[in-house]
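Asks: So that we are looking at the same thing, I have put the structure below in structure tokens.
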Amino acid sequence: MPILASLPGLNLLSSLPSNPPQNDTTSSTPSPSPPIPIPKYPPPRSRNPKTNVPRSNPALSIPHRRSNYRKPVQKGVISTDGDRCVIVGENGVSYKLPGAPFEFQYSYSETPNAEPIAIREPAYLPFAPPTMPRPWTGKAPLKKSKKNIPLFDSFNPPPPGKKGVKHVEKPGPFPFGKYPKEGKTREEILGEPLKKWEIKMLVKPLLSDNRQVNLGRDGLTHNMLDLIHTHWKRRRVCKIKCKGVPTVDMDNVCRHIEEKTGGKIIHRVGGVVYLFRGRNYNYRTRPQYPVMLWKPATPVYPKLIQEAPEGLTKAEADEFRKKGKSLLPICTLAKNGMYASLVKDVRDAFEECPLVKIDCKGLQPSDYKKIGAKLKELVPCVLLSFDDEQILMWRGRDWKSMYGDTSSNLVPVKADILSGIDNSAKSSDDSGTPDSQRVVSSPKMMSLWRRAIESNKALLLEELALGPDAVLDKVEEFEGMSLAIEHSCEALVLSSEDGSSSSSSAEFKGGSYSEDENDIYSSDDIIDDEYYDDNSFEEVDPSIPLGLLPVDNIAERLRRESK
């Protein structure tokens with residue numbers, strides 16, 4: 001070791017050489033290549049690119065209706081764009097355009113009667129600007145065609161066998177010897193009233209047809225007006241099927257349909273409406289309305305539920321809400337159902353109980369809130385709660401029975417506002433002293449009993465102390481008399497003493513249709529189930545007295561014997 005340390009240029013603590021000697025390539029074997037080539041991935045993109053992003057179109061940056069945008073508004077014009085303006089009034093938010101026959105709205109039949117207090121988006125017109133000749137589709141407009149394309153309308157339809165042309169319905173139907181004529185007003189376009197056989201001819205092919213206009217929770221919207229005219233181009237009658245919230249008040253829906261379209265409802269079954277375009281309708285001269293490009297945001301309306309509703313204090317309202325939790329609902333509303341009888345059901349329920357609850361499981365919150373607002377106006381009633389997807393209503397202090405004043409022997413149940421819903425149970429002292437002159441019943445039952453006695457379908461026993469045999473004799477006598485009265489009918493006598501034939505007289509009295517224009521489109525035409533009855537149209541005299549049939553003599557003899 002001392003010898004090694006004395007050698008010049010030798011350091012025992014030095015590191016390994018930085019450049020190791022190269023191996024002999026001739027003696028070493030090359031390393032084997034991998035069986036699967038290693039994939040090459042592109043470099044990862046940076047999350048924060050420094051490139052400038054172009055700004056979006058201002059038209060696409062309108063606040064959403066679920067945003068926190070709120071702008072209080074008052075009645076009057078809130079925005080103008082030349083001759084076009086946005087108006088807030090009794091019918092909510094409407095849009096006034098120059099030359100329009102009326103103020104446009106998104107929904108004509110489902111707008112609340114209350115005035116809005118705020119809007120959820122800036123007041124823009126949902127129509128295309130007047131300077132744009134057509135909606136922008138991202139492409140330049142096509143060049144004008146050199147072909148002379150014929151334009152067909154209702155007064156000049158294409159030939160029956162022409163290829164490449166869709167069917168255009170002719171005007172009509174017309175009585176014998178009359179022809180179509182151009183009309184400008186609604187009365188001129190409708191023409192003469194339709195006969196019953198004409199209505200049946202127009203409606204019968206559409207009963208099993210699914211070509212229809214569906215009217216949903218938004219009611220009659222603005223774009224449906226153009227859609228109805230599109231149906232009228234191919235057919236004389238447009239079938240409209242209503243479902244959901246609008247069916248609570250079908251009369252309101254039918255009134256708006258006739259006012260805005262100019263047609264006439266000739267038949268109505270439940271929520272299905274058949275709208276006639278008119279005898280002299282021409283598709284070429286129809287009113288053309290601009291189409292709404294988007295659905296405007298619903299304005300903000302006053303709250304329907306208040307802590308202290310009309311006629312109640314906060315403590316009374318809380319007590320009612322507490323009792324309403326244990327109250328059974330009168331019905332359960334199905335989604336997209338038919339609610340035409342809901343108003344009547346609520347009124348009948350108020351005859352028995354001051355509180356009424358409706359189950360709305362599965363419905364959208366906006367739907368059962370709209371239903372509650374309609375019931376508040378139509379019944380009328382006071383809304384208490386929408387909790388647990390249920391509508392709780394109170395009939396109010398000013399409630400009056402539908403059946404009017406009852407007879408003197410009726411003692412109605414006294415229901416206190418706060419003491420409970422049913423207080424008909426009396427104390428034990430009162431129950432031990434029966435009173436034969438007191439009858440506790442509801443006004444509805446008394447009205448039904450009175451109606452049955454007047455129509456000879458029920459018998460009022462004046463003697464109370466009757467034995468079983470005497471009661472059985474009374475029942476058998478009344479049964480024979482009621483059957484005789486039920487099977488008797490009026491005699492139909494066709495007289496022509498004045499020299500005029502009864503078959504050529506003026507009107508058909510038994511049905512809903514007559515030669516009078518006011519009677520041809522009455523409400524009986526719409527809801528009458530006897531619309532499809534194939535009866536003759538001879539004139540009958542309903543003033544013929546009873547007693548011309550043998551069964552009437554039998555009924556009269558039984559009446560005398562019963563006395």
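For all residues, glycine too, the Cβ spot is worked out from N, Cα and C.
Below are the features I grabbed from TrEMBL:
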COMPBIAS  1-30  compositional bias 'Low complexity'
COMPBIAS  31-46  compositional bias 'Pro residues'
COMPBIAS  50-59  compositional bias 'Polar residues'
COMPBIAS  63-73  compositional bias 'Basic residues'
COMPBIAS  496-513  compositional bias 'Low complexity'
DOMAIN    192-288  domain 'CRM'
DOMAIN    310-406  domain 'CRM'
REGION    1-76  region 'Disordered'
REGION    149-181  region 'Disordered'
REGION    496-525  region 'Disordered'
Asks: Residues sitting near the region 'Disordered' (149-181): Cβ under 8 Å, six or more positions beyond its termini, same chain?
Replies: 188, 191-192, 194, 198, 201-202, 232-236, 279-285
Asks: So what's the average pLDDT for the domain 'CRM' (310-406)?
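Replies: In the predicted model, the domain 'CRM' (310-406) has a mean pLDDT of 91.
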Asks: Taking helix as H, G and I and strand as E and B in DSSP, count the residues of the domain 'CRM' (310-406) in helix, strand and coil.
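Replies: Within the domain 'CRM' (310-406) the tally stands at 37 helix, 15 strand, 45 coil.
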Asks: Helix, strand, coil: count each for the residues of the domain 'CRM' (192-288), based on DSSP.
Replies: 43 helix, 21 strand, 33 coil
